Amino acid sequence: MAIDENKQKALAAALGQIEKQFGKGSIMRLGEDRSMDVETISTGSLSLDIALGAGGLPMGRIVEIYGPESSGKTTLTLQVIAAAQREGKTCAFIDAEHALDPIYAKKLGVDIDNLLCSQPDTGEQALEICDALTRSGAVDVIIVDSVAALTPKAEIEGEIGDSHMGLAARMMSQAMRKLAGNLKQANTLLIFINQIRMKIGVMFGNPETTTGGNALKFYASVRLDIRRTGAIKEGEEVVGSETRVKVVKNKVAAPFKQAEFQILYGEGINIHGELVDLGVKHKLIEKAGAWYSYNGDKIGQGKANACNFLKENPTISAELDKKLREMLLHKGNELKPAAAGNSHDEDELAGEGKEEF
């Protein structure tokens, strides 16, 4: 239906005034192309990038990564930092747990000389530092480890045993309101690592919940549930862990997909193992008995040897990675303006099917 000409003129004048006052892009039509492109940073895991649909974690958004202890939360975020630094981006790590190991970070490919690090005394201080870094417009990725360690100032100054009901939740709620707009303007990715707690007296459904109240769940564009599903052994020695990540909320692509990969101790995500597995699954790598072949050339007998070949030949690894991304980041992952139910959590939509990569 055509809009009245006078109304069109009035609308154009209003839009012009808004853009003049608040900047270009402060208001736009939803169908415009520029609003649909989402810049992303790789997670360091090919299968997780594919499960996320957009090819990685979205810039200018809030992301929550949660899971049990020793499930790989910090390792995953350090891999994100390493990937961002390789693209020349500036990263900051807010270490509220005071537990960041620079030697381990360096092993995962993090340039520790150029990583900004803060160990704040209180939760308010940590969130103020986040806000200041965001408003500077010079920091591309900020990690907060973890929400559970963001202790309000009143709790630190009080006695052990004092009741501070809802204090952390109020602090997080206020911070989310303040940070969300600034992150979008600065195009900064903010990742919160969170821990799991059990709800008491839950007879039916999932008793697990995350700390810090509900605000983070609502403001996060992506929520990842990371779990350790098994151990990787060489003989009797445990050398890593099998890991599964579920995308329980996704505002930039289809949710409810999951990725499985290996985390090797001292090395991080086994990207070459993912390339072999996905290559075989999607017929880019041929497997005959124990032998693996790529483009007709044998690359190794057994998965370990095939992985070593890819590790020693980065050009072939990059070529295989590119082919898999082009093949698997397909039409179904494109943003749709009216994707109903796209941002709900897994808890709310129990029984949804998950696509695995």
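Note: Cβ is positioned from N, Cα and C throughout, glycine not excepted.
Taken verbatim from Swiss-Prot:
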type	residues	note
BINDING	G67, P68, E69, S70, S71, G72, K73, T74	ATP binding site
REGION	334-357	region 'Disordered'
Sorted by sequence, non-G67, P68, E69, S70, S71, G72, K73, T74 residues with Cβ within 8 Å of centre, ATP: I226, R228
Spatial neighbours, same chain, of T74 (ATP binding site) - Cβ under 8 Å, 6+ residues apart: L100, D145, I193
Lowest local Cβ density among G67, P68, G72, which the record lists as binding-site residues, within 10 Å: P68
Under 8 Å by Cβ from K73 (ATP binding site), counting only residues of that chain that are 6 or more apart: I65, Y66, G67, D145, S146, I193, I226
Nonlocal residues around E69 (ATP binding site), in sequence order (Cβ under 8 Å, 6 or more apart): Q195
Binding-site residues (S70, S71), the one with most neighbouring Cβ atoms at 10 Å: S71
Three-class DSSP secondary structure - G72 (ATP binding site): coil
